[in-house]
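Noted in TrEMBL for the protein shown:
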DOMAIN    326-536  domain 'Glycosyltransferase 2-like'
TRANSMEM  67-88  transmembrane segment
TRANSMEM  115-138  transmembrane segment
TRANSMEM  172-190  transmembrane segment
TRANSMEM  502-521  transmembrane segment
TRANSMEM  527-545  transmembrane segment
TRANSMEM  678-697  transmembrane segment
Amino acid sequence: MAPTNFDFVEWWNKEQLRGGTPVVVKMANPNYTMLEIESPRAGGFGGGGKDKGKNAKQLTWVLLLKAHRAAGCLAWMALGLWTVLAAIKKRLILRQGLAPPPSTAAKPHKGGSRLFKAITGFLVFAIFMLCVEVAAHLMGWHFPGPYWAPAFQVQNLAHSIYLGWLYLRAEYIAPPLQLLINFCICLFLIQSADRIILCIGCMWIKWKNIKPIPVNPSLESDDIEQPDKGYPMVLVQIPMCNEREVYEQSISAVCQLDWPRHRMLVQVLDDSDDVDTQFLIKAEVTKWNQKGINIIYRHRTNRTGYKAGNLKSAMSCEYVKDYEFVTIFDADFQPKADFLKRTVPHFRDNPELGLVQARWSFVNKDENLLTRLQNINLSFHFEVEQQVNGVFINFFGFNGTAGVWRIKALEECGGWLERTTVEDMDIAVRAHLCGWKFIFVNDVRCLCELPESYEAYRKQQHRWHSGPMQLFRLCLPDIIKSEVSVGKKANMIFLFFLLRKLILPFYSFTLFCIILPVTMFVPEAMLPVWVVCYIPALMSFLNVLPAPRSFPFLIPYLLFENTMSVTKFNAMISGLFQLSSAHEWVVTKKTGRASEGELLSSVQETKPSVNLNRGVSDSGVELLKQKQEHNSLPPPILAPAPTIPKKKANRLYRKELSLAFLLLTAAARSLLSAKGVHFYFLLFQGISFLVVGLDLIGEQVS
C-alpha cells in the first residue's frame with residue numbers, strides 16, 4: 001500500500017461542504033441564565049413544550065455533530081500516525097521500496113557528512129542523558145538547585161556522579177549556552193522585524209494602489225507604411241537541458257507570443273546530451289519555423305558553465321547586435337500571448353531601466369502537500385519581497401526567467417559569468433552596481449511548474465542557498481568599491497545577502513533544531529515560550545497572507561520551513577566555504593503538466609496523438625530519416641511497443657531522520673520538566689522531520 005502524502009485539503013473541503021439543518025443560537029440577555037436555540041423553520045409564536053422538546057433535540061444533535069467532527073479529526077490523525085509507523089517498519093526495518101545505496105562516485109560530500117556526524121553526536125548524547133534523567137527521576141534524585149551536597153547526603157557513587165553532573169551543567173555548560181541562545185534570539189528578532197517591515201510596505205502598496213506604469217505604453221508607429229516600426233527588436237531565449245517532458249509546450253507558448261514576427265527571434269538553447277531529446281527538440285523547432293516563426297536551434301557539445309555558459313554562448317552570436325531586448329524563459333515556463341506587450345513598454349522613455357521581472361504562477365500548486373507549501377513560500381517572495389524592493393529600492397534579485405533585459409545593461413555589467421550557480425543573481429547585482437534600475441510587474445504572470453518530489457525540491461533549494469554565499473564572497477569587494485550610495489551598499493550587504501541569505505538559515509537551524517532540544521537536557525539555559533511559539537506563528541501567518549487559500553496549511557508550513565532549515569544551512573555553509581557541493585548543478589525534474597494555454601490551443605487545433613516521440617511533426621520525421629540515412633542506420637521506429645517503465649524507489653534522508661529522533665528524544669525529556677509548549681513543538685517538529693526523512697511528502701513513487 002502506498003503511503004499517505006499527508007495532504008489534508010480533501011478533509012478540509014469535506015468539512016466546508018458538510019451540510020445539515022441550520023441552527024441559530026441567540027443570547028438575548030447579556031446576563032443570561034438560559035440558552036435558547038431556534039430553528040429557522042419554526043413558524044408562528046408559541047409552541048409550548050413541543051418547541052422546547054425540539055430545541056432540546058437540536059441541542060443534542062449539535063453536540064453529536066461536534067463530537068462526530070472531533071472523532072473524524074482524531075481518526076485522521078491516528079491514520080497519519082499509523083502511516084508513519086508503517087513507513088518506519090517498511091523502510092527502516094524491512095528496507096523495502098528504497099533506492100539502492102549511492103555508488104562510490106556519488107558519496108555524500110564532506111560538508112554534509114560532517115553535519116550528519118555532528119547531529120548523530122547530539123543524538124547519542126540526548127539518548128544517553130534521557131536514560132540518566134529517567135533513572136534519576138525514578139530514584140527521586142530531585143534538588144532545588146545545583147550544589148555540592150554534604151557527604152552524609154550522598155547515597156552511592158552513581159548519586160555522586162549525578163550531583164557532579166548537575167553542578168557542571170549549571171556552572172559551566174548553561175552560561176555559554178545561554179549566551180548562544182541570546183545571540184540567536186537577537187538575530188531572530190532582527191529577521192522578524194525585517195519581515196514585518198516588508199509586510200507593512202506591501203500593505204502600503206495595496207492601499208495606495210501603487211504599480212509600475214509605462215511612461216509611454218503605446219508601441220504603435222506613426223508611420224502608416226510601417227505600423228510595426230514602434231515595436232523594438234526582441235530576442236527570446238529558451239535554455240534547456242534534457243527537458244523531454246516540457247520542451248514542446250514551452251516552445252509552443254513562446255512561438256505564440258503576440259509580437260510582430262519580423263521583430264522577434266526565438267533561440268532554443270539546447271544543452272541536452274540525450275540524442276533522442278535533441279532530435280525531438282530540433283524537430284519541434286523545424287515545425288514552428290515552417291509556420292513562419294523566426295526560430296533557431298542551438299546545441300552545445302558540452303555544458304561548460306551550465307546555464308550561464310549556455311546564455312553567454314548565445315549572446316556571442318553576430319546577429320544579437322540587431323536586437324535591443326532579450327527575454328529569457330526556462331523550459332517549463334509558458335508565457336501568455338500578451339507577455340511582451342505588457343513588459344516591454346516599460347522600457348520606452350525610461351533609459352535607466354535595465355530589467356522588467358514578471359511574477360510566476362504554478363500549474364501544479366495543488367498537486368500535493370509539498371507543492372502547496374512551496375506556493376506559500378513563493379507567493380510571499382513575489383508578492384512581498386520582490387514587489388516591495390522593486391517599488392521602494394528599484395532593486396531585487398533576478399529570478400533567472402520570465403524577465404526582460406535591456407541588452408545594453410547586460411553588456412555594460414560584463415554579461416553572463418560562469419563563476420557561480422546563481423548566474424541570475426550575479427548579473428542582477430552587477431547591473432545594480434552599474435546604476436541600472438529594475439521593475440517588478442506583479443500583475444504579469446507566467447505559468448511554470450513546482451518540483452513535485454522532495455528530492456527535486458531539495459536539490460533546487462541547495463543550489464538556491466549555496467550560490468548566494470558563493471556570490472557574496474566574490475562580490476563583496478566590488479560592492480564596497482562601487483560608486484553607488486552608502487544606503488544601497490548597506491542594503492545589498494546587510495539585508496540582501498547577510499540577513500536574508502545567511503542569518504535566516506543559520507538561526508532557523510541552530511535555534512530550533514539544535515539549541516531547543518539541548519535546552520531540554522540543560523534546563524538552566526532557558527529558551528522563552530514566545531520564541532518557540534508566538535513569534536514563529538506570527539511570521540508564518542504573515543507568510544500565508546499573500547496566499548489566503550493556504551491558511552489551512554499554516555501549521556504544516558511552519559513545521560516544514562524548520563525542516564528545510566537543515567538543507568538550507570548545509571547549502572549555506574557549502575557556499576560560504578567553497579565546498580565541492582557548492583558547484584553542483586542538477587536540472588530540476590519536470591513532469592510536463594498541462595497548462596491553461598495548452599488546453600486552449602488543443603481546442604483550436606487538432607494535435608497528433610502522443611507517443612514515444614512526442615511533438616515530432618512531419619518535417620521533423622523527414623529530418624530524422626535524413627539523419628539516419630546519412631549515418632547508414634536503419635530507419636527509425638516511430639511507434640515502438642510500449643516498454644516497462646523503470647520502477648522508481650524512495651530514498652531515506654539521514655540528516656532529517658537523525659534530527660527527527662533527536663527532537664523526539666528531547667520531547668520525551670521535556671515531559672520530566674513539565675514544559676507543555678516545548679513538548680508539543682518538539683513532538684510535532686520531530687514528526688515533521690520523520691515524515692520528510694522517510695520521503696513521505698510530495699510525489700509518492702514507491
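Backbone N, Cα and C atoms are what each Cβ position is placed from, and that goes for glycine too.
Model, not experiment: these values are computed from the prediction.
The stretch in closest packing with the transmembrane segment (172-190), judged by the count of Cβ pairs under 8 Å and taken from 115-138, 502-521, 678-697, is 502-521. Of the ranges 67-88, 502-521, 527-545, 678-697, the one with the most Cβ pairs under 8 Å to the transmembrane segment (115-138) is 502-521. Within its own chain, the transmembrane segment (678-697) has Cβ neighbours under 8 Å at 3-6, 83-84, 87-88, 91-92, 368-370, 454-455, 512-513, 516-517, 520, 527, 529, 532-533, 555-556, 559-560, 562-563, 650-657, 659-664, 666-667, 670-671, counting only residues six or more beyond its boundaries.
Along the domain 'Glycosyltransferase 2-like' (326-536), the predicted structure has mean pLDDT 94.
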